[in-house]
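Annotation comment: TrEMBL describes GLY132, THR133, ASN134, GLY135, LYS136, THR137, THR138 as ATP binding site. Feature annotation from TrEMBL assigns domain 'Mur ligase central' to 130-324. The domain 'Mur ligase C-terminal' feature in TrEMBL is assigned to 346-460.
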Amino acid sequence: MSMDGRYIEGRKAAPADLGDVLVLGFGKSGRAVCTYCLDRLGGRVKSLTVAAGDRDDDAMPFANACMERGARVVFDTFTFDERYDICIASPGISQFSRFYENAQAASSEIVSEVEFAWRESRSDSRWVAITGTNGKTTTTTLTKLIVDEAGLSAVAVGNIGDTCIEAVAADAADVFVTEASSFQLASTVLFAPDAAVLLNITPDHLYWHMTFEAYVAAKKRVYANLAATAGVLAIDAVTDVSRACVKELASDPARGFSYVPLGCAAGLGSSMKDACGSENATFVHDGMLRICLGDEAIDLVSIDELGIKGDHNASNALAASCAALALGIEPETIRRALRAFSPLEHRMEPCGAVAGVACVNDSKATNVDATLKAFASFRGPSSLFLLGGHDKGTDLSPLVEAAKDGCKAVVCFGAAGRRFYDAFDGSGVRRVLVEHMEDAFDAALGLAVPGDTVVLSPACSSFDEFDSFEHRGRVFKQLVAFRAGRG
């Protein structure tokens with residue numbers, strides 16, 4: 001893109017002069033942006049200021065290195081006296097915080113690191129942007145695998161792998177497969193991927209967005225500029241909120257891009273093409289993953305051929321396949337990749353057995369909707385679920401209803417344990433309350449018999465007891481290995 005000399009030839013929308021740059025936040029993405037801008041200080045970057053937030057001793061070595069190279073790094077400062085041409089905000093800083101609002105007032109524009117990286121990327125590079133409350137990482141990883149299988153140069157970025165700007169700076173690939181969170185999308189302006197995926201929208205991260213409406217608006221940014229590339233959107237049509245987005249798209253014939261609904265209100269086994277006359281649709285037809293583009297029906301693989309189980313993973317596979325088709329990848333290539341893909345760590349990951357009791361690590365299930373998918377995949381009187389952790393305060397009634405349909409017991413633990421335990425009062429579901437995850441695992445093993453399955457799918461974040469959901473999952477797998485060895 002080149003517009004009267006203001007943009008660099010051969011880049012998406014990179015200004016010839018970035019001017020006075022403000023970086024908001026000093027986490028992973030903030031540091032990556034700092035490094036990128038420091039490499040251009042004295043050229044496209046006139047000055048670089050980093051508002052690092054609260055003082056952190058661990059951040060001082062990198063801060064000192066930045067200052068030695070000419071940046072101004074300030075801690076414990078949340079107001080701004082100078083003016084800036086552009087502010088690149090870290091995803092950890094809420095749009096509704098005073099810190100963000102002050103930076104916005106002091107800057108000509110404020111954007112996310114994803115937006116900044118996209119602008120700086122080569123004009124001939126292609127981007128796939130994947131978002132949704134749950135399923136982003138699986139879909140991103142699978143999409144990259146398909147692109148790799150096609151012999152194209154691809155990199156997974158965003159919430160997975162390197163930051164977007166690191167990959168762009170390294171000129172690491174021709175295709176950037178981006179796992180984009182609502183935090184990153186909220187501050188996008190021009191971001192126009194070639195293919196976009198919106199998997200689902202259920203309440204989450206309301207502490208950052210303040211309202212569910214703001215959260216939904218951020219997610220919808222993934223396709224806000226899709227007309228600029230005449231791109232393709234794969235969008236969930238099973239859940240109510242995302243299906244409402246489909247209805248909005250259907251009512252806008254001038255939208256400038258195509259969309260492919262995944263399933264419909266009746267579920268993933270039904271087609272929006274049949275239900276509502278949609279031009280395109282993707283769904284499961286007689287156990288086969290099918291994509292209909294106009295009059296063409298493309299059958300990919302059967303659900304039984306997928307290494308990842310559950311309807312939600314069939315949906316993830318269909319979404320990744322739609323994105324791949326949008327990039328021009330052949331169906332046979334997609335089939336090979338789908339058959340080769342295996343479960344990711346901490347996502348309904350089988351992790352061994354103790355005395356004939358199977359154990360499943362679904363630590364990534366940090367909200368109710370994710371755990372409902374685990375209930376759907378392991379429904380039955382032989383399943384025991386470990387629930388709890390750091391409480392997000394979300395409605396637990398869907399979990400209670402799911403457990404009534406088939407569940408041997410729920411074992412509640414952690415800071416949220418009492419609220420979960422109380423939620424199951426009067427449900428008829430056997431419930432146990434303990435303090436820690438290890439206690440919960442032992443309690444579940446005490447109730448289980450050979451042939452049962454214990455599933456860690458907490459529906460909570462991990463920060464009451466662990467550093468991250470990955471840490472929680474690793475500890476769970478260590479417990480499984482230890483109990484199996486001891487037995």
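Quick reminder: no glycine exception, Cβ is built from N, Cα and C everywhere.
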Among all chains shown, work out which of the binding-site residues THR133, THR137, THR138 has the most CB atoms within 10 A of its CB.
THR138
List the other residues in this chain whose Cβ sits within 8 Å of the Cβ centroid of the ATP site residues GLY132, THR133, ASN134, GLY135, LYS136, THR137, THR138, in sequence order.
ILE130, THR139, LEU199, ASN200, ASN316
Please report the number of other Cβ atoms within 10 Å of the Cβ of GLY135 (ATP binding site).
26
Reduce the DSSP letter at THR137 (ATP binding site) to three states and note it down.
helix
Restricting attention to the domain 'Mur ligase C-terminal' (346-460), give the mean pLDDT.
93
Here are some binding-site residues: GLY132, ASN134, LYS136. Which one has the most Cβ atoms within 10 Å of its Cβ?
GLY132
Over the span of the domain 'Mur ligase C-terminal' (346-460), count residues by DSSP class, listing helix, strand and coil in order.
36 helix, 30 strand, 49 coil
